[in-house]
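Everything on this sheet refers to the single structure shown next.
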Amino acid sequence: MADHASFFLVHHLLWVTNNRTYASKYIPIIASVSEHQPPTWPSYFMDINVLAFLVPAGIIACFSPLSDASSFVVLYIVTSVYFSGVMVRLMLVLAPAACIMSGIALSEAFDVFARSIKFQLPGLSETSWSEAADSSGTHEMQSDIAKTDKAEDAAKERPLKKGKKKEKEKEKDLAEKPSLKSRIEKRLLVLPFEASLIALLLIILLGGFYVVHCVWAAAEAYSAPSIVLTSRSHDGLHVFDDFREAYAWLSHNTDVDDKVASWWDYGYQTTAMANRTVIVDNNTWNNTHIATVGTAMSSPEKAAWEIFNSLDVKYVLVVFGGLVGYPSDDINKFLWMVRIGGGVFPHIKEPDYLRDGQYRIDSQATPTMLNCLMYKLSYYRFVETDGKGFDRVRRTEIGKKYFKLSYFEEAFTSHHWMVRIYKLKPSRNRIKGKVKKSKSGARQNTCGSLGNPLQNI
């Protein structure tokens, strides 16, 4: 039953992994999620740290001796490493296997070093050596000792009538056999006392370092909020509260029924902190809906305005990190918007946004890139910050520095320019048409009343 369960589990994991691998290559909406990307070597050392060096030692220890339990653990760690190499999210599968294998390696290391120290301590009697031999699990040595004891007892109880000659031969054979201490030292691995003591201290320090790393990772990397960002430099700690600042502005300066368009990464935050309706969020399963937003961001300003206006959007939110060096902004995510939008709407083509296969925002960028909505909303008035328009994330000056917005107006920009909110301008043609209609209608009514004075009687 256990074999069938293990086979079913491995088969299910392989099926899920193969499907995820196919999806991450050919379905952009899945590939755009950072958790679905293959892990890098730094991510392994970040997550398991010193366990990455202890796992190979644990695998070697499992082969001496090889049993059913050790074979299962080796199979467990091998499959876990394979699955974790597919996507970062499956590092959770590797973590328990790495802990088990590292525990085996540490146990074997402690056994060798502690035994070496114990064997070389002064004042150990033959009884203590025999107890050490028993604890080491050397069954062959114990059987030899038992045979020696039996031979000694037999030699003592042997009748005197067999003669002193045979007794002398037995005593000679026992004297020629090596002592118990020497046989234990030959059988067991005994390292120098100083080396064993230093190795034990290093292992303890290594464990303490790992505990410190785990506490730091849990506090900084895995428990830090994604709303309030921090960074350290030579002049101290810097706090970036732009997200909360922007959501507070939306909550206090917009109507409750207003809809906000942004990339799906910020959907939950906008709903929870600003209490405003969003077009797409982290739970949007409709690929066409997300592709519509990606198409709007990839389109020129007028076409984007028409798309957002058809969705009854009043505000558009973009995240920009070019001023402070925040790398997870919408410009770095923009190619995924192009790919997702192009997967549904064929007129959006990724090569139109690349110059010789490179993604650029400088003077060598393509006209399609320089005129798309994402570029304009991110870099609008950016040249006013330093006079050059230098992007600290892309480490280059932007290509199009001076331009105006015709269909959008800037409503809010956070303190560090990390969150920028724009409002859709109303349709001028429709407003002018209504004004002209109302004016012409009023003139007709006035002329009618003046031309027919009898109607006023």
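Yeah, the Cβs are placed from backbone N, Cα and C, and that goes for glycine too.
What TrEMBL says about this one:
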COMPBIAS  129-140  compositional bias 'Polar residues'
COMPBIAS  146-176  compositional bias 'Basic and acidic residues'
COMPBIAS  441-457  compositional bias 'Polar residues'
DOMAIN    18-101  domain 'Oligosaccharyl transferase STT3 N-terminal'
DOMAIN    257-316  domain 'STT3/PglB/AglB core'
REGION    129-176  region 'Disordered'
REGION    433-457  region 'Disordered'
TRANSMEM  44-66  transmembrane segment
TRANSMEM  72-92  transmembrane segment
TRANSMEM  188-212  transmembrane segment
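Same-chain neighbours of the transmembrane segment (188-212): 49-51, 106, 109-110, 112-117, 119-120, 133, 136, 138, counting only residues six or more beyond its ends whose CB sits under 8 Å from a CB of the stretch. Confidence annotation: the domain 'STT3/PglB/AglB core' (257-316) carries a mean pLDDT of 93 in the model. Residues in the domain 'Oligosaccharyl transferase STT3 N-terminal' (18-101) partition by DSSP class (helix H, G, I; strand E, B; coil) as 66 helix, 0 strand, 18 coil.
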